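Notes for the one structure printed next.
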Amino acid sequence: MKSFPVSLLILALATATAFAYDPSPLQDICVAIDDPKSAVFVNGEFCKDPKQANADDFTFMGFRKPGNTANPLGSKVTPATVNEFPGLNTLGISAARIDFAPGGLNPPHTHPRGTEVLVVIEGTLLVGFVTSNQLNNTLFTKVLYKGDVFVFPIGLIHFQLNTGKTPALAFAGLSSQNPGVITIANSVFGAKPPISADVLTKAFQVDKKTVDYLQAQFWYDNN
């Protein structure tokens with residue numbers, strides 16, 4: 001990460017705040033807490049008494065170490081949403097570290113509640129997103145290098161692939177404290193209980209044998 005302009009990363013993450021999708025907070029802080037006793041329920045989480053909050057509530061150290069990419073996808077997403085970082089509650093922003101082995105893929109997925117801005121820290125990534133049916137499912141794709149920034153609009157299917165021969169690293173900022181993740185293959189072929197083969201054979205125009213094969217696979221979740 002040496003020589004990388006940290007100011008660019010800060011700007012990219014701050015941009016997500018500017019386009020925040022979550023409701024605006026009505027108080028300075030609302031640190032999420034599991035214990036509902038003497039707490040107020042705000043934006044899907046119980047809030048700690050502000051007078052009991054401390055600096056640790058607003059600190060996340062999960063990005064210090066690289067994620068384990070020894071998996072079928074060759075990638076690992078380390079999220080920092082309100083679930084991992086309670087201080088984000090009501091602030092309308094979250095982040096993620098994404099590690100890639102050579103050839104590693106963060107597979108096609110969507111964030112139903114957040115726009116994502118991605119900053120490449122190391123390596124080379126082929127990224128892209130697909131528009132909705134209204135815009136004819138147009139693919140927007142780009143090869144990114146160290147220091148490049150790319151944005152994925154809220155709700156649209158997108159992906160990142162390490163096309164280099166060395167590991168790659170990226171950080172993402174998202175415009176929601178809880179943007180959600182829907183990985184396409186996992187959702188369609190790994191649903192529990194499974195989606196009817198009659199639905200999938202017609203939707204994908206393939207035979208039942210192909211659907212049975214895909215549904216029998218282990219669909220790895222890299223989050």
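Quick reminder: no glycine exception, Cβ is built from N, Cα and C everywhere.
Annotations in TrEMBL come from automatic prediction, not curation.
Per TrEMBL, the features are:
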BINDING   Asn106, His111, Glu116  oxalate binding site
BINDING   His109, His111, Glu116, His158  Mn(2+) binding site
DISULFID  Cys30-Cys47  disulfide bond
DOMAIN    61-212  domain 'Cupin type-1'
SIGNAL    1-20  signal peptide
Environment of His109, His111, Glu116, His158, the listed Mn(2+) site - residues of the same chain whose CB lies within 8 A of the CB centroid: Thr110, Gly114, Phe129, Phe152, Leu156, Ile157, Pro179, Val181
Distance [Cα-Cα, Å, rounded] between His158 (Mn(2+) binding site) and Asn106 (oxalate binding site): 9
Cβ atoms near His111 (oxalate binding site) (within 10 Å, other residues, all chains): 25
Chain-internal residues near Asn106 (oxalate binding site), provided their CB is under 8 angstroms and they sit 6+ positions away: Leu73, Ser75, Val77, Ile98, Phe100, Phe159, Gln160, Leu161, Asn222
Cys30 (disulfide bond) and His111 (oxalate binding site), distance between Cα atoms, whole Å: 23
Cα distance (Å, whole number) from His109 (Mn(2+) binding site) to Cys47 (disulfide bond): 30
Local confidence of the prediction over the domain 'Cupin type-1' (61-212), expressed as mean pLDDT: 96
Between Glu116 (oxalate binding site) and His109 (Mn(2+) binding site), the C-alpha gap once rounded to whole angstrom: 12
Cβ neighbours of Cys47 (disulfide bond) where a neighbour is any other Cβ within 10 Å: 21
Distance from Cys30 (disulfide bond) back to His109 (Mn(2+) binding site), taken between C-alpha atoms, in Å: 30
All-chain count of other Cβ atoms within 10 Å of Glu116 (oxalate binding site): 24
Check: same-chain CB within 8 A of oxalate site center, minus Asn106, His111, Glu116: Ala96, His109, Thr110, Leu118, Phe152, His158, Ala172, Leu174, Pro179, Val181
His158 (Mn(2+) binding site) CB neighbourhood, other CB atoms within 10 A: 23
